[in-house]
């Protein structure tokens, strides 16, 4: 068993060895290194063929047409292209956008940018289990609403939104619907023929592919139009200029092919590990699972251990690679904005830790993690006067603290 144990799959995954092996064949002189846009010689044709194959593999995972897949540098760029691209293109129809307070920063920040440009954005409050109330979404829709952006699976708490139902509402009102599926692609079935979703952001490195490559699904029927955010040689049907990174695209394609093939196996494996970890720590008293436990991907377990500072717990678990919040915000000491949006008080939000597992996590690693967590939580609580008061039955919310 290799230490530290990696339990932060929601931040990034190791590249599957099968993917790495394939990528290496597209970089050097003895491989297929050409520019896929070079139309005048075999080096270019072979690279273009490799890109076409990857496009099909990615489309297959969504049951989409390969022509609906646009390559980008990752889900952040896809989110930006989808949100700003759609809002700008349809701005003559209206300037109102709807999203949710628990979205990833790559969705919230483009929305903030739109606000600076004069758009109006409604940020929905999720319920305390992290899920969106469809009635509230319906009530927020207006005649000038041009875009709804709701993530499929939340990166911090792993809850699954009802994308199919939201899609129905949007299609009824002829509103463009964007979904950030960075955390769900390869983990849950996504079928664009069944779901009325117009734009889907995808990332390779959350699906055992390389970092720095992603894609945006752009529906053709009914046709969705976007304003390009990256201008240049007109690659990717004008949606996204820039030479295609063949080796990364091949890696993403292979990763998505494997994910489709092994989805059920990966799901069952993660579920067994999730339940094992939860059963191993839930009797520690004052343990809360954040987010709905049923409507959730099995790869994620976000837990608050009351009276234990999340940061101190991370420090104590030096042999476990885990996180509090998302990797993008883990440098700030602010409590997680996602947990706050669930109506959680700062203390409990501060005491949360996210464990996320994947294809290469073993039962042995989970058992070791359980042991480490139990020791650390017990030790930290022994040091806490608040824990003593709680054990004595003092209601801490009624305590008046003296200011010095």
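Glycine too: its Cβ is placed from the backbone N, Cα and C atoms.
Residues annotated as pyridoxal 5'-phosphate binding site in Swiss-Prot: 75, 76, 155, 183, 203, 204, 205, 243. In sequence order, 12, 13, 15, 74, 211, 212, 213 constitute the residues six or more apart from residue 205 (pyridoxal 5'-phosphate binding site) in its chain with CB-CB distances below 8 Å. Residue 205 (pyridoxal 5'-phosphate binding site) falls outside any helix or strand according to DSSP and counts as coil.
Here residue 206 (N6-(pyridoxal phosphate)lysine) comes close to 10, 12, 13, 75, 182, 183, 185, 186: these same-chain residues lie at least six apart in sequence, with C-beta atoms under 8 angstroms from its C-beta. According to Swiss-Prot, the feature N6-(pyridoxal phosphate)lysine maps to 206, an assignment based on sequence analysis.
Marked as [2Fe-2S] cluster binding site by Swiss-Prot on the basis of sequence analysis: 328.
The active site, cysteine persulfide intermediate annotation in Swiss-Prot covers 328, and the record cites sequence analysis as its basis.
Neighbours of residue 155 (pyridoxal 5'-phosphate binding site), defined as other CB atoms within 10 A of its CB across all chains, total 26. Counting every protein chain shown, 32 other Cβ atoms lie within 10 Å of the Cβ of residue 204 (pyridoxal 5'-phosphate binding site).
The binding-site residues examined here are 183, 203, 243; by Cβ neighbour count within 10 Å, the least packed of them is 243.
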